[in-house]
Amino acid sequence: AALNPWDVMLCVSGTAIACENALVVAIICYSPTLRSPMFVLVGSLATADLLAGLGLILNFVFQYVIHSETVSLLTVGFLVASFAASVSSLLAITVDRYLSLYNALTYYSERTVLCIHTMLVGAWGVSLCLGLLPVLGWNCLHDRAACSIVRPLTKSNVTLLSASFFLIFLIMLHLYIEICKIVCRHAHQIALQQHFLTASHYVATKKGVSTLAIILGTFGASWLPFAIYCVVGDPDYPSVYTYATLLPATYNSMINPIIYAYRNQEIQRSMWVLFCGCFQAKVSFRSRSPSDV
């Protein structure tokens with residue numbers, strides 16, 4: 001069959017996603033110092049995005065090499081589980097950042113580690129279940145009328161996935177609003193102690209709030225069009241609409257390493273060690289907490 005340009009772009013996107021996130025996973029696994037809950041969450045996000053990138057590549061290969069309904073179900077289920085784990089990991093990172101500010105005094109405790117691990121187990125468990133639904137029979141291979149815009153997923157299946165995304169997005173929106181309130185309250189307390197708000201504190205506060213807006217805005221801009229189209233779209237519509245909304249959603253997994261990994265100075269230092277074999281002492285790094293955005 002002739003190559004679909006949209007499928008080629010999804011494959012290219014998957015390749016870029018896999019390469020970016022494979023580097024993050026390698027850095028975190030290579031560096032024994034990156035074992036705090038924050039980096040465990042970043043590693044979970046990178047692993048999920050890495051699997052999503054590999055899933056896009058495999059889906060392209062099997063679509064044009066092996067024409068099998070069973071393989072189609074497996075690749076679609078793999079992609080659903082991977083992207084669900086990616087979105088769930090983003091939620092876990094947001095919760096971690098909120099806890100690091102709200103419970104700053106008790107954040108570095110065993111209770112926090114247990115909470116983080118529990119969130120990850122729950123996130124990956126739910127994602128795996130969502131990915132298994134098409135394989136276990138929730139598909140439209142034998143009922144074309146039940147198909148959604150993403151074949152072989154059923155309309156009820158994509159509705160469930162979209163509803164889950166909207167819920168996660170609203171929770172993240174609420175948590176980031178609370179984080180902004182805490183940041184502004186801290187700035188106000190500093191201003192009261194020093195009798196005025198210095199320019200550096202104002203700039204830092206403004207930068208932090210702006211960064212949070214960019215993070216949430218990027219996440220929403222990537223996934224909202226596809227989630228909305230999954231609800232209102234019809235399988236009889238031209239497939240270009242599905243591709244046009246799905247492709248930006250994959251870009252979120254391409255942007256995640258830049259936002260959550262490569263900006264972190266501990267990971268930057270580990271990259272120096274990994275690629276150069278030595279660390280240049282003249283380059284100064286400051287350890288960052290999860291609340292640093």
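First residue shown is number 1, and so on along the chain.
Quick reminder: no glycine exception, Cβ is built from N, Cα and C everywhere.
Copied from TrEMBL, the annotated features are:
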- 20-260: domain 'G-protein coupled receptors family 1 profile' (DOMAIN)
- 6-31: transmembrane segment (TRANSMEM)
- 38-66: transmembrane segment (TRANSMEM)
- 72-93: transmembrane segment (TRANSMEM)
- 114-138: transmembrane segment (TRANSMEM)
- 158-177: transmembrane segment (TRANSMEM)
- 209-228: transmembrane segment (TRANSMEM)
- 240-262: transmembrane segment (TRANSMEM)
Close approaches to the transmembrane segment (114-138) from elsewhere in its chain (Cβ under 8 angstroms; 6 or more beyond its ends):
37, 40-41, 44, 48, 73-74, 76-82, 84-85, 88-89, 91-92, 95-96, 99, 152-154, 156-157, 160-161, 164
Do you know the mean pLDDT across the domain 'G-protein coupled receptors family 1 profile' (20-260)?
86
